[in-house]
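**Student:** Submitted below is the structure of interest, expressed as structure tokens.
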Amino acid sequence: MTSVVEPFTPTPTASSSNPRRVAYFYDPDVGNYVYYLGHPMKPHRIRMAHNLIVNYGLCDDIDETGESEGSRSVNDPIVQEYAEGDGERAKTERLTGSRGKSMQVFRPRRADRGDMTKFHSDEYIELLEKVTPETAEYLTGGGVRCLIGEDCPAFEGLFEFCSISAGGTIAAAETLNSGAADITINWAGGLHHAKKTEASGFCYVNDIVLGILELLRIHPRVLYIDVDVHHGDGVEEAFYTTDRVMTASFHRFGEFFPGTGDVRDIGMKRGKGYSINVPLRDGIRDDSFHSIFKPIINSIIEHYQPGAIVLQMGADSLAGDKLGGFNLTLQGHAECARFVKAFGLPVMMLGGGGYTTKNVARAWTYETAVMCGKELDENLPYNQYMEYYGPRYKLEVLSNNTDDHNHPEYLDAIKRSVLHNLKNLPHAPSAGMQRAPQPLGKELGLKNGEALDPEDEVEIRLRSER
């Protein structure tokens with residue numbers, strides 16, 4: 001009997017009577033960095049996506065001056081926000097106005113060395129702080145240590161770029177932990193290849209691992225889902241021996257970077273069975289992708305019962321990507337976010353790959369709207385990068401005539417293997433949890449991470465005695 005892949009049915013939009021609270025993190029400096037001329041990774045794509053998000057009206061109030069990021073303002077007023085109990089560490093700048101709009105936009109605190117070394121080695125982060133294009137040859141031992149090959153060059157502002165990416169994801173995780181939002185978004189994050197002591201695949205600091213470590217302070221189990229065209233090897237490796245994080249990667253497999261992610265790679269020791277890999281072939285389309293994505297994710301969430309989900313939405317799985325090989329449309333890619341959102345769990349959504357910049361901006365704008373429960377006009381609004389989107393100027397990424405080499409029989413075999421492994425795992429593995437300690441600053445009597453002026457302390461005491 002021949003298997004048939006049914007057309008995927010879009011997940012119904014959640015009722016507007018019970019909207020999810022969305023927090024969006026963006027640092028205006030993120031688009032300033034350049035790996036080198038001709039490098040496929042372009043941080044500028046994050047600025048393009050943000051500009052489109054703003055001009056679709058997802059970032060609140062209209063700015064009549066037309067300054068800042070397009071025709072709408074996201075920088076005024078700047079309000080200091082603190083997550084309750086997290087002190088200075090969670091400080092962000094709120095960039096938009098009233099609550100109850102589509103979402104709130106924050107400029108996160110940039111990650112420092114202490115944040116990064118919660119996963120990465122001290123020596124590696126010290127090198128990232130010091131390295132420059134001029135000193136790279138000496139500090140990396142001729143390109144054989146930490147920064148290897150041309151994928152991960154030592155460019156100007158490298159450490160600052162890493163601090164922006166990691167800081168946004170850590171702030172997104174802290175916001176979920178505090179209960180201040182149900183969904184958090186950081187398109188500057190999602191750099192899933194970075195290892196503990198080594199950069200890899202355009203990724204230097206693994207912000208995803210840092211964000212998951214923060215989530216594990218509150219949640220006994222975290223599910224990581226990766227729909228980037230490349231295998232999420234750095235995140236899988238970090239949690240390969242634990243059952244507190246389940247990783248599920250849907251990626252192109254074969255003669256393709258990084259060459260890992262076989263369906264038989266399932267973890268080891270206590271983490272055996274908690275690494276799920278779905279190796280796919282070239283040219284996969286929406287129908288084929290969701291015929292395996294939806295049943296696997298549904299079974300994982302039913303069986304594993306995660307407290308929070310981290311969703312890496314690498315846009316290099318879209319049709320026409322310069323380094324990809326998949327054939328997903330804008331709607332097919334965004335359906336992953338819509339489907340995950342429908343479970344009603346806390347979600348942290350991150351960026352990742354994506355090397356056709358105009359399509360990356362389209363995808364991340366559309367997926368931001370999905371999480372906000374908004375429908376967007378297919379005709380793009382005027383924005384700062386309008387010339388990139390010609391000749392149609394539409395919010396669309398169309399499939400092409402690439403052959404889909406993922407035959408139904410192959411997808412069924414992969415699905416059976418994954419679901420069989422899931423059945424052999426204990427249901428919702430327990431974890432010994434205790435109340436998260438208060439920040440040191442609060443224990444020492446500091447307010448928002450800073451010592452009070454002695455005169456202020458006297459005045460506060462006098463007021464309390466009146």
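Glycine too: its Cβ is placed from the backbone N, Cα and C atoms.
Keep in mind the model is a prediction, meaning the values are calculated, not measured.
Feature list, courtesy of TrEMBL:
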- H193: active site, proton acceptor (ACT_SITE)
- D151, G201, Y355: substrate binding site (BINDING)
- D228, H230, D316: divalent metal cation binding site (BINDING)
- 102-370: domain 'Histone deacetylase' (DOMAIN)
- 425-466: region 'Disordered' (REGION)
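Distances, neighbours, how buried they are, the whole picture for these features please.
**Tutor:** Taking Cβ-Cβ distances under 8 Å and a sequence separation of 6 or more, the neighbours of H193 (active site, proton acceptor) in its chain are S200, G201, F202, C203, N206, H230, G232, D233, G234, P258.
In sequence order, P40, M41, K42, D316, D321, K322, L323, G324 make up the list of same-chain residues 6 or more apart from Y355 (substrate binding site) whose Cβ falls under 8 Å from its Cβ.
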**Student:** Would you mind listing, in sequence order, the residues at least six apart from D151 (substrate binding site) in the same chain with a Cβ closer than 8 Å to its Cβ?
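**Tutor:** Listed in sequence order, they are A199, S200, G201, F202.
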**Student:** Would you mind checking how many other C-beta atoms are within 10 angstroms of the C-beta on H230 (divalent metal cation binding site)?
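**Tutor:** The Cβ of H230 (divalent metal cation binding site) has 28 Cβ neighbours within 10 Å.
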**Student:** Just name the winner among D228, D316 (the binding-site residues) by count of other CB atoms within 10 A of its CB.
**Tutor:** D228
**Student:** Could you give the maximum C-alpha to C-alpha distance in Å for the residues D151, G201, Y355 that bind substrate per the record?
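**Tutor:** Looking at D151, G201, Y355 as a set, their Cα atoms extend up to 14 Å apart.
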